[in-house]
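Per TrEMBL, the features are:
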type     : residues                      : note
TRANSMEM : 15-34                         : transmembrane segment
BINDING  : 23, 25, 26, 30, 273, 305, 370 : Na(+) binding site
TRANSMEM : 46-68                         : transmembrane segment
TRANSMEM : 89-116                        : transmembrane segment
DISULFID : 128-137                       : disulfide bond
TRANSMEM : 223-250                       : transmembrane segment
TRANSMEM : 270-287                       : transmembrane segment
TRANSMEM : 299-324                       : transmembrane segment
TRANSMEM : 358-379                       : transmembrane segment
TRANSMEM : 400-426                       : transmembrane segment
TRANSMEM : 432-455                       : transmembrane segment
TRANSMEM : 476-497                       : transmembrane segment
TRANSMEM : 509-532                       : transmembrane segment
């Protein structure tokens with residue numbers, strides 16, 4: 001008996017799968033979103049709702065997706081033989097992965113750009129003496145900042161809020177050459193376009209042999225960021241003022257615990273951070289051996305992901321604390337999140353350190369690796385879905401060409417994001433394409449598996465695969481608690497909704513409409529496919545057709561004949 005799938009291929013060993021999944025779950029959000037959320041939502045008190053959401057929603061959903069993919073050994077489309085009417089969920093996952101894959105690589109390409117320009121004696125965003133700077137620019141290092149000058153600077157900061165930092169001007173006026181409006185695309189920024197090409201080539205080369213090649217690459221890409229984080233951590237906590245920053249990050253404000261927004265943020269952060277409903281988890285697990293213990297894996301990966309977020313907070317806030325101390329301002333003036341943290345606040349803080357180019361190179365190298373780990377899985381999700389869907393020998397042999405095709409299309413679709421209005425589009429995609437559509441997809445997936453396919457059937461399947469049924473806690477979470485929390489996130493997202501803005505720029509209505517269309521495009525797959533499937537099913541009455549459309553198809557079950565025992569025999 002072989003436990004291997006010769007046709008589709010498997011992971012070389014279990015470590016490859018765990019490392020790939022860690023690389024997938026740990027992404028840029030762990031560095032640039034979590035520390036900021038934690039600091040905004042009551043410091044240490046935020047950890048409490050965060051870990052509760054991890055236990056009741058994060059780990060159960062993670063385990064569900066891994067076991068689902070591993071049982072059927074199929075990508076995010078093929079698994080829906082379990083209930084063919086819901087295959088639209090798989091298409092929705094593909095659409096979401098496409099949107100994320102397009103803009104995620106643009107963020108990686110900006111990190112590549114900063115990585116390359118850091119290879120100098122003096123970082124280009126250190127002083128205000130460059131062509132692109134404005135009279136409002138006040139560098140931290142311009143002239144010798146004696147204590148008197150520092151006092152003047154503090155006064156200057158308090159009187160006019162117009163001070164811009166050299167790193168911000170470098171980012172806005174040089175790297176992006178930002179236009180005034182989302183509709184005003186301007187020209188393509190060639191350095192960014194070049195870096196986008198580089199990042200797509202890297203992703204393609206790592207996936208050239210599918211999971212066989214990417215499984216080797218993750219030994220480096222999933223582990224090295226921890227080395228860099230540790231180096232930056234040691235450098236950070238030895239700085240003056242680092243403690244203030246870390247206290248800001250960790251001091252609990254217990255009154256915030258009663259605030260619904262804090263719980264909503266915690267739930268959303270867990271949900272988006274683990275990559276549920278992107279289709280990537282199902283895809284990665286589908287290359288596992290049938291009897292692999294994915295229960296153990298899901299707990300290891302989820303906890304590693306959250307631990308990384310907390311650890312990254314120390315790295316970010318120790319250096320921000322040092323900078324706030326150096327400038328003599330409150331830390332809330334220098335704290336930021338999203339691209340603003342990675343490309344403005346943190347690089348500026350790095351200019352204050354001796355041998356600053358070294359720390360800058362390390363920091364951006366870490367961002368590149370964190371991004372690539374996620375990008376591998378996004379691309380592999382799309383390729384696997386296409387190859388499994390066509391499913392004949394011919395396309396399986398030509399999987400490399402499918403990968404190349406997807407990469408080229410992804411590169412071309414990313415080109416508009418390297419124009420002068422690119423960052424507006426990037427944030428629009430980030431805020432709309434991958435926010436509440438993921439929540440809807442996940443909710444429907446939970447309901448389809450637990451109530452349409454039937455939880456008893458599913459628990460039996462897991463017992464057949466792992467040798468034990470899912471623990472009682474997971475059974476209760478899957479059936480009641482997780483769907484309820486997901487529904488809560490959805491309601492929370494709708495209530496909390498504010499139209500998107502970038503710094504002072506408010507998006508026009510037409511742009512926000514495009515955002516909503518992107519969000520709808522993935523969800524709309526679900527009803528459209530369901531209607532199509534019901535129409536194509538046999539039966540005289542609507543009820544019979546519905547029954548036939550939701551009934552598991554004949555080829556649902558373990559992929560290999562030797563595992564098809566019991567009711568699959």
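Quick reminder: no glycine exception, Cβ is built from N, Cα and C everywhere.
Whatever TrEMBL says is automated annotation, not expert-curated.
The Cα atom of residue 128 (disulfide bond) lies nearest to that of 30, taking the binding-site residues 23, 25, 30, 273, 305 as the candidates.
In this chain, the transmembrane segment (89-116) lies in contact with the transmembrane segment (358-379); the count of Cβ pairs under 8 Å, excluding pairs fewer than 6 apart in sequence, is at least 3. Within its own chain, residue 273 (Na(+) binding site) has 25, 27, 29, 30, 33, 34, 305, 306, 309 as residues 6 or more apart in sequence whose C-beta sits under 8 angstroms from its own.
Within 10 Å of the Cβ of residue 137 (disulfide bond) there are 22 other Cβ atoms, across all protein chains. Put simply, residue 137 (disulfide bond) is 38 Å from residue 23 (Na(+) binding site) when counted between their Cα atoms. Separating the Cα atoms of residue 137 (disulfide bond) and residue 370 (Na(+) binding site) is a whole-number distance of 32 Å. Three or more CB pairs closer than 8 A are found between the transmembrane segment (509-532) and the transmembrane segment (89-116), so contact between the two stretches is assigned (pairs 6 or more residues apart). The record gives 23, 25, 26, 30, 273, 305, 370 for Na(+). Within 8 Å of the mean position of their Cβ atoms, the other Cβ atoms in that chain belong to 22, 24, 27, 29, 275, 308, 309, 373, 374. The Cβ of residue 370 (Na(+) binding site) lies under 8 Å from the Cβ of 26, 27, 28, 30, 31, 225, each of which sits 6+ residues away along the same chain. Cβ atoms under 8 Å from those of the transmembrane segment (223-250) belong to residues 19, 26, 35, 38-39, 43-44, 308, 311-326, 331, 335, 353, 359, 362-363, 365-366, 369-370 of the same chain, restricted to positions at least 6 beyond its ends. With a cut-off of 8 Å on Cβ pairs spaced 6 or more residues apart, the transmembrane segment (432-455) and the transmembrane segment (89-116) reach 3 or more such pairs and are scored as touching.
When Cβ-Cβ distances below 8 Å are used as the criterion, the transmembrane segment (270-287) is approached by residues 8-11, 17, 20-21, 24-25, 27, 29-30, 33-34, 50, 53-54, 57-58, 61-62, 65-70, 72-76, 78-79, 90, 93-94, 96-97, 100, 211, 294, 302, 305-306, 309, 374, 377-378, 380-381, 384-385, 434-435, 438-439, 441-442, 445, 486, 489 of the same chain, each at least six residues removed from its ends. Sequence-distant contacts of the transmembrane segment (89-116), counting only residues of its own chain at least 6 positions beyond either end whose CB sits under 8 Å from a CB of the stretch, comprise 27-28, 75-80, 175, 191-192, 195-196, 198-200, 203, 277-280, 282, 339, 342-343, 347, 360-361, 364-365, 367-368, 371-372, 374-375, 378-379, 381-382, 385, 410-411, 413-414, 417-418, 422, 425-426, 429-430, 433-434, 437-438, 441, 444-445, 448, 518, 521-523, 525-526, 529. Residue 30 (Na(+) binding site): 24 other CB atoms within 10 A of its CB, across all protein chains.
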